[in-house]
Structure formats: structure tokens, C-alpha cells
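Q: Shown below is the structure under consideration.
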Amino acid sequence: MEQMAHPSSTPLLVAEIGNTTAMFAVFSGTDPIDSLQVATAALSSPEAVGELLQPLLARHSLAADAVISSVVPRAGEAAGRWLLDILPGRVLAVDSTLNLPFRISYDPPSALGADRLSLCARCCMLEEEAAVIALDIGTAITFDVLSADRSYLGGLIMPGLELMASALHERTAQLPRVEVSRPERLMGLSTADCIRSGVVWGCVLQVEGLVRKIRGWLRSEHGEGYARVVATGGRAPLIVSMMEMPPLLDPHAVSRGARYLFELNRITVS
């Protein structure tokens, strides 16, 4: 565990590779200045990665280093191999062996995904000294909890919106496949609307209920007086917009956290 690292002004390429989509962002300091989003399935080989990334890197020729936060091993390896060949600097992969800004307790530590490590690192950048509940609302929905003194206290994993909707279609005889979007009304007037409303509102209320439950657990079990909630992920804007008490929404939270981990580990990767 280490104190806040001062961000470098040198452009850094951050690869955030999720189960469905991948984001490649060029950071200057703590903020992205350019980005490219692609389907993770498109990262099938180093050559495929190169075809996608060359235009982005051509616009930012000063970017010499990269950090990769990937939950899809094959795609992460393809990106890493191409970046190692093309960049003159360092390529760091996020994992639990890095110098982290929080104390980790997970069995085994290597099973805590790069996305969750990066998101927790982002939460350690918050100035206020309070516990944090970190939400990543994507293909899966993860909750990770940090104490005010930045100890990892545990997490939860549940299916995301598309997984819920696809399970209804795939595991029943007649329910249709439905595109998940914000429902027009609470009570559906067609089968598709009923599924859409049930999945989306069910997810909103699950998230709100679990946040309340975790806050109570933090008070009773760990003596934490307040917990900040941070949300990210492809489906976070939809769910957060429907919550009664919306959390801090940071679409770039995982990338910001990965960038922070690169700064904390500059010496060890040089």
C-alpha cells in the first residue's frame, strides 16, 4: 500500500478490456484525451489489435507506455503482445502482484480480476476519508468494498442486465429475446415490455437494496460511519439514472484506476 502517486504528463495508453467491449484511452495526467471503443471479440490476435489501434497511436505518437486491465485472457494477451512490439516503453498488466493502494484480502488474491483491482484503485483516489462501495455494472455486476483506511473488505457478484434477459429467453419455451433498455412504464402491456421492466427495475432495486445492506454491514461489523458509492460500467448510466440516491458515476473509473496503478508501479516496471 502506498500514498497517492503524482501523475505523469507523458501520454499513457490504457487498455480496459471487458467481457463485451474494450476501451483504449490515451491519458494525459488523470484524464483521458482520446479513446477508441471496440468489441472485445475483435481483439483476436496481435495483428487484429494493431489494425484497430494504429490510428489512435498515430494521433498520439508521444505515448510510449501502456497499462492493460483485462478480464479476457486471450484478448489481453493479444493486446499485450502487439503493444510490446510497437511501443518503446513499458507495458504493464494489472494483477494482484502489483503494489496496490489498498490492503487486499481475497482467496486466492490472483482471482480478484484486473477490472476490480483497477476500480478499487480508482476509489483510493477519492480525497475524502470514508469507506467506498464500488459498483461495476456491465456484463456482470460487481460490488467491491473498501474501508476508510483502504482495506479490502469483500465483494458481491451478480448477473448483469443482458445475462438476466438472455437467461429468460434461453431457459424458457416461449419468452422472447428482448433488447434491454429503459422501460417506458413500470407495468408492461406486452411480454417484451414485461421482461424489460422486470429486468431493469429488478436490477435497480437489487443494486439499491444491496447498497443499503452493505452500508448497514459496514456500520455494524466495521464501525464505518459513512460509505461513498462509485459506479462505472457500460450499463451504469441507465441504472444510476433510475436510482433514488444516485452514486458518483465515473465512466472511466477502471481506466483511471489502471493509470494510477501504472504510476504506483513505475519503478518496479522500469
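For all residues, glycine too, the Cβ spot is worked out from N, Cα and C.
Source: prediction; values computed, not measured.
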Q: Starting from the ATP binding annotation in Swiss-Prot that includes Glu16, Ile17, Gly18, Asn19, Thr20, Thr21, Ala22, Met23, which of Thr139, Thr142, Thr172 is the extra site residue?
A: Thr139
Q: Report the member of Thr20, Thr139, Thr191 (the binding-site residues) whose C-beta atom has the most other C-beta atoms within 10 angstroms.
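A: That would be Thr139, with the most Cβ atoms nearby.
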Q: Considering Cα atoms only, can you say which of Gly18, Thr20, Ala22, Asp115, Asp136 is the nearest neighbour of Thr191 (substrate binding site) among these recorded positions?
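A: Closest candidate to Thr191 (substrate binding site), judged by Cα separation, is Thr20.
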Q: Hey, what's the Cβ neighbour count for Asp136 (K(+) binding site) at 10 Å?
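A: 28, counting other Cβ atoms within 10 Å of Asp136 (K(+) binding site).
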Q: How many Å separate the Cα atoms of Asp136 (K(+) binding site) and Gly18 (ATP binding site)?
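A: Per the Cα atoms, Asp136 (K(+) binding site) and Gly18 (ATP binding site) stand 11 Å apart.
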